[in-house]
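Below: the structure, in structure tokens.
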Amino acid sequence: MLIAIDIGNTNIKLAICANNKIIKRITISSQSRRTADEYFIYLNSTMNQLNLDYKNINNIIISSVVPSITKPIIELSQNYFNIDPTILSNHHADIFNIKISLQNKVLGSDRLADIIAASSLYPHKDLLIIGMGTATVFNLLNKDKCIYGQAIAPGAHILAKSMRQYTALLPEVLISKQDKVIHDNIYHAMESGIYWGYITMINGMIEKIIKEEEKDLYIIATGGNSNLFFNHKTAIHNIEVDLTIKGLIQLHTVLS
């Protein structure tokens with residue numbers, strides 16, 4: 001069995017996988033820093049509930065954009081599973097014939113995992129991949145599997161937290177679907193502003209990117225917020241919530 005781990009700025013997503021299929025998803029806040037022992041207790045408890053033996057784990061693959069969390073996860077892998085985990089990095093792009101045509105070849109490992117999966121799921125398409133996480137990342141991947149452009153904007157949760165952080169009286173609100181724009185109380189007004197403002201940003205960026213590229217793009221979204229905004233007046237064609245994990249599974253398949 002495989003454990004695929006996506007360490008993000010907001011959440012750590014662990015997927016227990018068998019036969020290249022996800023059988024259990026676990027989400028842990030990245031804000032609550034834990035030791036390797038604490039991660040193991042949490043993971044082993046979940047596996048016991050599924051009648052799974054942690055000793056059957058034979059590979060661990062990690063994507064991380066938070067180096068301080070990577071260290072205890074590596075310790076978890078080595079101390080409890082006797083596994084030196086694979087850490088996804090840009091050099092793995094060559095395995096999948098993915099070309100990175102960006103300045104300094106800099107690409108977050110979560111975005112690389114997304115591209116690995118997307119290029120397999122949607123071959124021979126020009127893609128716009130929107131990662132809706134802590135930040136909102138727009139990645140352009142052409143049909144020749146070359147990532148050649150990107151734009152980065154705040155994520156929806158950053159918008160919500162910033163209003164609370166930088167004002168004296170506004171409350172912190174949850175992000176939820178809104179049927180209307182204008183409301184008569186401050187909570188719903190803020191929720192609406194964040195929700196519809198984010199959708200307007202997404203649609204505006206898509207429109208400008210398509211105009212600038214002058215070609216049809218197949219648009220997919222992934223990340224923690226993608227379910228919330230899909231099919232509600234957005235130009236997104238499809239969502240792939242587990243795109244990052246699927247990319248890690250593909251790397252496992254190739255390396256096995």
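Heads up, the Cβ atoms here are built off N, Cα and C, so glycines get one too.
Remember, predicted model here, so these are calculated numbers, not experimental data.
Annotated ATP binding in Swiss-Prot involves Asp6, Ile7, Gly8, Asn9, Thr10, Asn11, Ile12, Lys13 plus, out of the candidates Thr134, Thr136, Thr167, the residue Thr134. Taking the Cα of Thr10 (ATP binding site) as the reference point, the closest of the recorded positions Gly108, Ser109, Asp110, Arg111 is Asp110. For the pair Gly108 (substrate binding site) and Thr134 (ATP binding site), the C-alpha distance works out to 13 angstrom. Classification of Ser109 (substrate binding site) by DSSP places it within a helix. When every Cα pair among Asp6, Ile7, Gly8, Asn9, Thr10, Asn11, Ile12, Lys13, Thr134 is compared, the largest distance found for this ATP site is 14 Å. Of the recorded residues, Asp110 (active site, proton acceptor) and Gly8 (ATP binding site) place their C-alpha atoms 8 Å from one another. DSSP classifies Gly8 (ATP binding site) as coil under the three-state reduction.
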